[in-house]
Amino acid sequence: MKTATAPLPPLRSVKVLDQLRERIRYLHYSLRTEQAYVHWVRAFIRFHGVRHPATLGSSEVEAFLSWLANERKVSVSTHRQALAALLFFYGKVLCTDLPWLQEIGRPRPSRRLPVVLTPDEVVRILGFLEGEHRLFAQLLYGTGMRISEGLQLRVKDLDFDHGTIIVREGKGSKDRALMLPESLAPSLREQLSRARAWWLKDQAEGRSGVALPDALERKYPRAGHSWPWFWVFAQHTHSTDPRSGVVRRHHMYDQTFQRAFKRAVEQAGITKPATPHTLRHSFATALLRSGYDIRTVQDLLGHSDVSTTMIYTHVLKVGGAGVRSPLDALPPLTSER
């Protein structure tokens, strides 16, 4: 990602939403971020009667955000995402350098303890997953990586000799090394064999290579056809790249895994609101419970601020951290009334 101080090139697009997409792609933001920002800027423009946003200012932004909070009843995280989209649009697309951009109120996120699964609950969920979905869930729990990071793993990111997995350009565009669970090595090798069959099939059919990071694709346009850059968890069918329009093989869809995981949680009789991201929370809590220091866990999770990691220490204190309830000190009741 480009630094905030780097000069931005002139925009070629004419329509404001196309300008927004152009700037997002230039700065290497993810497709999901692009879709979210376009959604919120479009909603903002429609909210104000399709007026050009260059004619709108602080009061109009505040009115839109108030409507989201008071009428739409959106969550704090959704509210903050909408604000981030507008700040990006005014700052990076319209290049508006006005004080009100930074003075707009930001709602404080609620501090909720993350949902954490016990080892027994993880085993029960895994028992209702099959094939690639089970392996992927094991990988998330065994490494603590985010679901997007796991889906974007390339063949070259797995180092069986050194027992490491490289997560490239994770959140914040930072690379980090994770442990490759020994118990998963055989299954991951089998997964690579299945992936190679898909790769060979694409090669034989003359298919387009897999998508690459923008700068790399421009510099090495044929790299996407090479085996090291192929997906570890490749989709079994081809689809159209929403940005380039090229028909190619994508990685496994996150929605497909999300649905499979949700079914497994229900079938396992887990009443906690568990999602795939819960496996990451459970990984962090398990390491802290095993005695690993907070800085080690921070590095493995890829947190830029240790305060983000500290939330898991609060999870360990649930139940009073060994404090005995005064109710348990009362003598037993002789009879019920």
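Heads up, the Cβ atoms here are built off N, Cα and C, so glycines get one too.
Some features that Swiss-Prot has for this protein:
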- 14-94: domain 'Core-binding (CB)' (DOMAIN)
- 112-328: domain 'Tyr recombinase' (DOMAIN)
- R146: active site (ACT_SITE)
- K171: active site (ACT_SITE)
- H277: active site (ACT_SITE)
- R280: active site (ACT_SITE)
- H303: active site (ACT_SITE)
- Y312: active site, O-(3'-phospho-DNA)-tyrosine intermediate (ACT_SITE)
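Structure with Swiss-Prot features highlighted.
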residue	record	Cβ within 10 Å
R146	active site	19
H277	active site	15
R280	active site	21
H303	active site	18
Y312	active site, O-(3'-phospho-DNA)-tyrosine intermediate	24
> Given the active-site residues R146, H303, Y312, which lie close to H277 (active site), meaning Cα to Cα within 10 A?
Replying inline: R146
>> Which active-site residues are spatial neighbours of R146 (active site) here, meaning Cα within 10 Å, out of R280, H303, Y312?
In response: R280
> Where Y312 (active site, O-(3'-phospho-DNA)-tyrosine intermediate) and H303 (active site) are concerned, what is their Cα separation in Å, rounded?
Replying inline: 12
>> Can you give me the average pLDDT across the domain 'Tyr recombinase' (112-328), rounded to a whole number?
In response: 91
> What is the three-state DSSP composition of the domain 'Core-binding (CB)' (14-94), stated as helix, strand and coil residue counts?
Replying inline: 62 helix, 0 strand, 19 coil
>> Please report the three-state DSSP label of H303 (active site).
In response: coil
> What three-state class does DSSP give R146 (active site)?
Replying inline: coil
> From the Cα of H303 (active site) across to the Cα of R280 (active site), what is the distance in angstrom?
Replying inline: 12
